[in-house]
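Undergrad: Mind having a look at this structure? Questions to follow.
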Amino acid sequence: MRQIAIFASGSGSNFQALVDAVQGGTLKANIRLLVCDQPGAFVIQRAQSAGIPVFAFRAKDYEDKQAFEREILHQLELEGVDFIVLAGYMRLVGHTLLESFGGRIVNIHPSLLPAFPGKDAIGQALEAGVKITGVTVHYVDAGMDTGEIIEQEIVRISTGETRDSLQEKIQHVEHYLYRTTLNHLFLTTGY
Ligand code: GAR
């Protein structure tokens, strides 16, 4: 069974979907730790309600990325984590984590990469006027949403679509796509 850490920065609806999937037996993994870079984020309350340990930190309390990633690594080791799942973690992963977990870090992104990487992918898609966007699950490398794509699903943008309605459609897809993709990955790669 995979021992995973979930990294998140905000509301944590994807975190919650993964917790629910583990509890419901549809995701075969143990969630050992939430790592959060925003100590006030709602995702922390979600973890506490689910009884999942939290490591929350502020980047500015550390000298640099290497320093806080070393601390994260230490926490991951303490919890026996062997796989990292980014779920709305709004920070580039640095070489300290990549060197230890290379090939064992995945991310979910609210667009069909390589379109609309980085922040506010939903706003970028609306601004561009495209009729199709979607969700991507991909491996994490040193770039901004540039790692190898594992799975994608299309979301259509309707006439009159608002930011809120599109976000709702995308998050609905994210919540099952992450679970099914991780299950498949764990089964087929031995992770
Ligand atoms: C999700 O839509 C996720 O795809 C996105 O942040 C949101 C977090 O929502 N991630 C990125 O944009 C990464 N570049 P949540 O906190 O409700 O799970």
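Along the chain as shown, residues are numbered 1 onward.
In case you wondered, yes, glycine gets a Cβ from its N, Cα and C as well.
These came from TrEMBL, pasted as-is:
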ACT_SITE  His109  active site, proton donor
BINDING   Gly12, Ser13, Asn14  N(1)-(5-phospho-beta-D-ribosyl)glycinamide binding site
BINDING   Lys65, Met90, Arg91, Leu92, Val93, Asn107  (6R)-10-formyltetrahydrofolate binding site
DOMAIN    3-180  domain 'Formyl transferase N-terminal'
SITE      Asp145  site 'Raises pKa of active site His'
Undergrad: What's the CA-CA gap between Ser13 (N(1)-(5-phospho-beta-D-ribosyl)glycinamide binding site) and the residue listed as 'active site, proton donor' in angstrom, rounded?
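TA: Their Cα atoms are separated by 13 Å.
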Undergrad: If you check the recorded positions Gly12, Ser13, Asn14, Arg91, His109 one by one, which have a CB less than 6 Å away from any atom of ligand 1?
TA: Gly12, Ser13, Asn14, His109
Undergrad: Could you give the Cα-Cα distance between His109 (active site, proton donor) and Asp145 (site 'Raises pKa of active site His'), in whole Å?
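TA: Rounded to a whole number, the Cα-Cα distance is 8 Å.
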Undergrad: Whose Cβ, among the binding-site residues Met90, Leu92, Val93, has more other Cβ atoms within 10 Å than any of the rest?
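TA: When each Cβ's neighbours within 10 Å are tallied, Val93 leads.
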Undergrad: Test of understanding: give the count of other CB atoms lying within 10 angstroms of the CB of Ser13 (N(1)-(5-phospho-beta-D-ribosyl)glycinamide binding site).
TA: 18
